[in-house]
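S.K.: One structure follows; several queries about it will come next.
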Amino acid sequence: MWVYEKKLQYPVKVSTCNPQLAKFLVEQYGGADGELAAALRYLNQRYTIPDKVVGLLNDIGTEEFAHLEMIAAMVYKLTKDATPEQLKQAGLGDHYVNHGEALFYSNAAEVPFTATYIQAKGDPIADLYEDIAAEEKARATYQWIIDMSDDVDLNDSLRFLREREIVHSQRFREAVEILKEERDRKKVF
Amino acid sequence: MAKNQVYTKSYHPYHSPDDPCPDPGEKHYSTPPHLYMGFQPEKLPQYTPKEALQKGTLWPALYDPYEKNQKLKG
Ligand SMILES: [Fe+2]
């Protein structure tokens, strides 16, 4: 089970009225390398990973939901006061006719989320290598969103999220090392 | 930007005299510090808790802030 804290992991502030940024941000909401994909991937893989690294997948998977919540807050703040006309200008007309003002799990090009973005191979190394790649891809996505954004406050939060991807990648790399060392240990004894 | 020189690498793609757009020069890509760390050593220097919460990591050795258009500027 989870314990919910009614606050964001990191403060989210947007300083420009620019709904187009929301269109870009949803890539990290319902995109292939987004936070939803990350959370679902890790929290599912954890059942069939060696016990030494179950906790890591559990912790990181949980944190990804906190990141998802931050992205949702950003998208909401950027779109909640926009008129349908402004949303259309921002390239969110397709989104509006399907979802109104609601958020939805899709990527920046409005392609709905699909479980085919994620994998659980049941092979610990294959799964952890996917996880490392996922973190690097999420890190890169944050880079490109920052490049597209002139919103200083938004970019501050995005820089925090990008840094978390670095830390997650580091931990997954260590998890691989832990599983490799198990084999060495057997050799020694 | 000494930090970025450490955590970015660059290359210069071939630019033909016939290419219509101006040569943008060096392309930079991120190579953040965790790529070189291996298993994180114990007792690395830490930020204060407040600083760590702001930066997204407890350890300066893992900190790599991305600047807008770093790809172009390095
Ligand atoms: Fe992550």
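Along the chain as shown, the residues are counted starting at 1.
Cβ atoms here come from the backbone N, Cα and C positions, even for glycine.
Annotations in TrEMBL come from automatic prediction, not curation.
Under the heading Mn(2+) binding site, TrEMBL lists A:GLU35, A:GLU64, A:HIS67, A:GLU135, A:HIS168. Per TrEMBL, Ca(2+) binding site is recorded for A:ASP59.
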S.K.: Around A:GLU35 (Mn(2+) binding site), how many other C-beta atoms are within 10 angstroms of its C-beta?
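M.R.: Counting Cβ neighbours of A:GLU35 (Mn(2+) binding site) within 10 Å gives 23.
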S.K.: Nearest to A:ASP59 (Ca(2+) binding site) in three-dimensional space, by Cα, is which of the binding-site residues A:GLU35, A:HIS67, A:GLU135, A:HIS168?
M.R.: A:HIS168
S.K.: If you skip the near sequence neighbours and keep only those at least six away, which residues in the chain come within under 8 angstroms of A:GLU135 (Mn(2+) binding site), Cβ to Cβ?
M.R.: A:ALA38, A:GLU165, A:ILE166, A:HIS168, A:SER169, A:PHE172
S.K.: Please check the binding-site residues A:GLU35, A:ASP59, A:HIS168 against ligand 1 and give me the ones with CB under 6 A, sequence order.
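M.R.: The binding-site residues passing the 6 Å Cβ test are A:HIS168.
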S.K.: Given the recorded Mn(2+) site (A:GLU35, A:GLU64, A:HIS67, A:GLU135, A:HIS168), which additional residues of the same chain have their Cβ within 8 Å of the Cβ centre, ordered by sequence?
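M.R.: Close Cβ neighbours, site residues excluded: A:ALA38, A:ALA39, A:ILE60, A:GLU63, A:ALA134, A:ALA138, A:LEU161, A:ARG164, A:GLU165.
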S.K.: Quick one: give me the count of other CB atoms within 10 A of the CB of A:HIS67 (Mn(2+) binding site).
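M.R.: For A:HIS67 (Mn(2+) binding site), the count of other Cβ atoms within 10 Å is 25.
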S.K.: Just going by other Cβ atoms within 10 Å, which of the binding-site residues A:ASP59, A:GLU64, A:HIS168 has the emptiest spot?
M.R.: A:ASP59
